[in-house]
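Colleague: Not my notes, these are from TrEMBL:
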type: REGION; residues: 1-20; note: region 'Disordered'
type: TRANSMEM; residues: 117-134; note: transmembrane segment
type: TRANSMEM; residues: 140-159; note: transmembrane segment
type: DOMAIN; residues: 140-299; note: domain 'Sodium/calcium exchanger membrane region'
type: TRANSMEM; residues: 171-192; note: transmembrane segment
type: TRANSMEM; residues: 204-223; note: transmembrane segment
type: TRANSMEM; residues: 235-258; note: transmembrane segment
type: TRANSMEM; residues: 278-297; note: transmembrane segment
type: TRANSMEM; residues: 330-353; note: transmembrane segment
type: DOMAIN; residues: 336-477; note: domain 'Sodium/calcium exchanger membrane region'
type: TRANSMEM; residues: 359-379; note: transmembrane segment
type: TRANSMEM; residues: 400-424; note: transmembrane segment
type: TRANSMEM; residues: 436-453; note: transmembrane segment
type: TRANSMEM; residues: 460-480; note: transmembrane segment
Amino acid sequence: MSNPNPNPTPGADTNSNPIDAIIPERSWPAREGLTVSTYEYPPNQDVPALASNNPYHNPFNTGEETITYYGHASKEAYEEHQQRVIEGLPPPTFRFNPVKAAVITYRSRSKLSSYSNFLWPIVPVAMALQFTVAQTHPRLVFAFNFLGIIPAGNLLSFAAGELEHKLPKPIAATLEILSGGIVEIIISLILLFRGHFSVVREALLGSMLANLLLITGACFLAGGIRHNEQEVAEYVTEISNAALLVSVAGIALPSVFFQTLSARTDLVEGKADSRLLHVSRIVSFWLLASFIAYTIFQLKTHSSNFHYVMEHAESQNHDKHRKHQYRKKLSVLEAIFLSIVGLVFVTFCAYYMVEQIPIIIKSHNITELFMGLILVPFIEKASEHLTALNQAYNNQQTLAIAHCLGGTVQTALLVTPLVVIIGWCANLNMDLRFEFFLVFALLLAVLVVGNFLRDNKTHWLEGMFLLMVWLVIATAAYNYPDHIPHGHGSAKSGAVAAPGIVGQSALAGAVHH
């Protein structure tokens, strides 16, 4: 074998591991114990130049093999690429093989998320039930479409993730941001345009609580099963906690503002509602600006720190992960096709599920708050949740916590303001009026999680405590009675408060049911 780095970077040790030759600015101790095979690079290829363009990408760009952060393809991938050139076959980037794509997709991003593929038979059944027994068995239709969103969302998330690696950096970064919350955005917009404003707000806040308490607690517990203690990178917890506090401020203050105005006796009726709507729309732009700054910080100005932390977190499971170090990946055409398929199925299942929500609430003694706060968030980020649990169990707690806290920040600073702004553009009076009980629960969740992560260590007992807090909130939500809200942004006054789409859909729903 010849030196894998024919044109070494000045100052680089050519006798060291080939990873250091490709990514000299990274320190090797963070990946201690990782075994990487050496091999000859293609003739006339400047390896450091390739690495400087994209140090985390397969240097051969064969479209067949990938390794998460280390940028090394296998020797078999290079030989297969050479054989394709000799035979005049098209590059794998433009391959479209449905069978091979199905096998790759089945493996998914983690072992747990791959199990969601067993729910795929439910998807066609759910759609068939919508057109056959929707009037007589609404609970059955709701349940099947509810479960059908899980495999469809997992497919969409996986295919979009595969597509990210094949696009220019700005487009890939945008896709990465949207892919994690696309199911949540779709469900929220369907609820919005169907006039279920209260359920939208409760689902958004419920998603944050589920990430902070239920999934984070489950990750602590899953990791604690195999390890007495697990460490979490301080960089991840510090940035995430700062973003979470900003999120709570942006969500809580409009609600406090409304309650303060409502208590005043010198204001005419409806003044507090109109002021709240105005404040909510302006605050939504500030929340979006905060998310953009948060993204630039991670992907641009401090990207080296972020990638270094993620590399080290990936290497924590190197012994178990080594045999899966090289895996097949989707081509561009396959990733685009499967992304579209996943998007279509998610949209249809979500739409049919939302259609049954009023009937379920009315006839099955389920409160509106419990529906939005507890049930809907279960499916919005199921793929991300399963991946996080798998990472925690495999001693990659930093990655798991990054998923949980990052998902919470995404919901608060991206999805929530997007829903308000889109509602504004569609003449829908969606605001940021949350129940005081929910605002207090969110603040409590942020404080509890922040306190548990203060020492950057986790264990199973902390996980049990977080799950207990979530169960207390779920119990209260189940017994929280529905009420008829007034003014802007209310589900039941939508026909009056928001003329247009919401008024028509709310009126049509009332006549239909």
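Glycine too: its Cβ is placed from the backbone N, Cα and C atoms.
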Colleague: Please tell me whether the transmembrane segment (359-379) and the transmembrane segment (204-223) touch - that is, whether there are at least 3 C-beta pairs under 8 Å between them, with each pair 6 or more apart in sequence.
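Modeller: Yes, the stretches contact each other.
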Colleague: With pairs 6 or more apart in sequence, are the transmembrane segment (171-192) and the transmembrane segment (117-134) linked by at least 3 Cβ pairs under 8 Å?
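Modeller: Contact absent: fewer than 3 Cβ pairs fall under 8 Å.
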Colleague: Between 235-258, 400-424, 460-480, who has the most Cβ pairs under 8 Å to the transmembrane segment (204-223)?
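Modeller: Out of the listed stretches, 460-480 contacts the transmembrane segment (204-223) most.
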Colleague: Using DSSP, what's the helix, strand and coil tally for the domain 'Sodium/calcium exchanger membrane region' (336-477)?
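Modeller: Residue counts in helix, strand and coil order: 117 helix, 2 strand, 23 coil.
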Colleague: Test of understanding: applying the rule of at least three C-beta pairs under 8 Å (pairs 6 or more apart in sequence), is the transmembrane segment (400-424) touching the transmembrane segment (235-258)?
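Modeller: These two segments touch.
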Colleague: Should anything in the same chain at least six residues away from the transmembrane segment (140-159) have a Cβ under 8 Å from its Cβ atoms, list it; otherwise answer none.
Modeller: 105, 108-109, 113, 116-120, 122-123, 125-127, 129-130, 133-134, 179-180, 182-183, 187, 330, 334-336, 338-339, 341-343, 345-346, 349-350, 352-353, 356-357, 360, 375, 379-384, 386
Colleague: When each of 117-134, 278-297, 330-353 is checked against the transmembrane segment (400-424) for Cβ pairs under 8 Å, which one has the most?
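Modeller: Between the candidates 117-134, 278-297, 330-353, the best contact partner of the transmembrane segment (400-424) is 278-297.
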Colleague: Given a Cβ distance threshold of under 8 angstroms, which distant residues of the chain, six or more beyond its ends, lie next to the transmembrane segment (330-353)?
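Modeller: Sequence-distant neighbours of the transmembrane segment (330-353): 63, 92-97, 100-101, 104-105, 123, 126-127, 130, 134, 141-142, 145-146, 148-149, 152-160, 162-163, 166, 182-183, 186-187, 190.
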